[in-house]
Amino acid sequence: MKTLNRRDFPGAQYPERIIQFGEGNFLRAFVDWQIDLLNEHTDLNSGVVVVRPIETSFPPSLSTQDGLYTTIIRGLNEKGEAVSDARLIRSVNREISVYSEYDEFLKLAHNPEMRFVFSNTTEAGISYHAGDKFDDAPAVSYPAKLTRLLFERFSHFNGAQDKGWIIIPCELIDYNGDALRELVLRYAQEWALPEAFIQWLDQANSFCSTLVDRIVTGYPRDEVAKLEEELGYHDGFLDTAEHFYLFVIQGPKSLATELRLDKYPLNVLIVDDIKPYKERKVAILNGAHTALVPVAFQAGLDTVGEAMNDAEICAFVEKAIYEEIIPVLDLPRDELESFASAVTGRFRNPYIKHQLLSIALNGMTKFRTRILPQLLAGQKSNGTLPARLTFALAALIAFYRGERNGETYPVQDDAHWLERYQQLWSQHRNRVIGTQELVAIVLAEKDHWEQDLTQVPGLVEQVANDLDAILEKGMREAVRPLC
């Protein structure tokens, strides 16, 4: 069986116009996959050079396959049908290591055609590293490497205004474009680079903040033999991902034309502010996960897919989204509903086995950031507590007993909550405190909730009633009236 390379698998090759920091699965099944579609269907005509930003030889370089690899996109499509689509990606030309090919790295700045910089250097990547110097070959941090590359371009083209770049980070931090820009400016000032360069950074370059959304499951280790048999070739860089994807870019409207998004419809939005889209994702996608986990797990289920195929649990989650979360969010209702419908489809994806216990990690913080804002907004606007979000809080407190049907399970959270719950549930079992007192102690933790939740009218009583129902009847019976 042949391994992928451009000699045995000839096809389109595009001029290099995109630099990408990061060789990982996510960018390859997200950005490079989208670039490949745009190259095929429009005149974008842009090849990618991947820069490996860290010093490691594992996995090996994409250049061993001449930049070629296969994505397998699978999940439920818009009609709810299970689909699996293999695509040979030709958008990546080569990969270089900034550590062993530093001169080659700087040379990227000399190419007049270079226009875009994408990156995913993990959440920790957009950060300041105190020891980084201009002459380091290379500097440690990604922002310092980028500053050096931008200065190389500025110098090579004598500060030409039309040679700036559009910089689009995909790291999962809030306003990632702003954060990256601030660090680049910080290094430029620290390294005493000329004022003209700092002006050029501001005037000729765009730093765009983004929201990225796609579950990328990466190299399908358990299915490789079967998949390669179907494909007819060996591919050491196979990359699997879900069907859904969303790319929200806060940037100039002209970006849509530059990326040829006006010529081929991708799920990419160019917006003035990513904040409402971030809130939508946190409230609907992450919020639904957080509401679902303690309810479904204590109802005897183990994965998100099982939960969504369970008529009662699925109804509980969908009603929580449509009746309690969406009404308090600040975006057009039709946009929110179409996003919600995509979310429930993603939860049903038969190709992804998402363990409820792995999502349960740090559940107390997740509840505070993902569900509490909607619970409080609902109470404020209607004068009544949203029944399902309140029940989810009771289910969460019950979850920290760490016991299901007489068997224990691991609970992962910070030490404070693990100790607190161990103490509270032990006191409850020994009848030292009642359910209402237990709930009041949890809700009074100002340091965690950033307010005293016992002051929210009716919340302690409602959560205590729900918790008693869970303890007395079991989760299935307790949740049924809300399904």
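Glycine is no exception: its Cβ is also placed from the backbone N, Cα and C atoms.
Annotation source Swiss-Prot lists NAD(+) binding site at ILE18, ILE19, GLN20, PHE21, GLY22, GLU23, GLY24, ASN25, PHE26, LEU27, ARG28, ALA29. The Cβ of GLN20 (NAD(+) binding site) has 26 neighbouring Cβ atoms from other residues within 10 Å, across all protein chains displayed. A strand conformation is recorded for GLN20 (NAD(+) binding site) in the three-state DSSP classification.
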Other C-beta atoms that fall within 10 angstroms of the C-beta of ARG28 (NAD(+) binding site): 28
CB within-chain contacts under 8 A for ILE18 (NAD(+) binding site), separation at least 6: ILE35, SER46, GLY47, VAL48, VAL49, MET114, ARG115, PHE116, VAL117, PHE118
Least surrounded among the binding-site residues, given as GLY22, GLY24, when other CB atoms within 10 Å are counted: GLY24
Chain-internal residues near PHE26 (NAD(+) binding site), provided their CB is under 8 angstroms and they sit 6+ positions away: ASN120, CYS170, VAL212, ARG214, VAL216
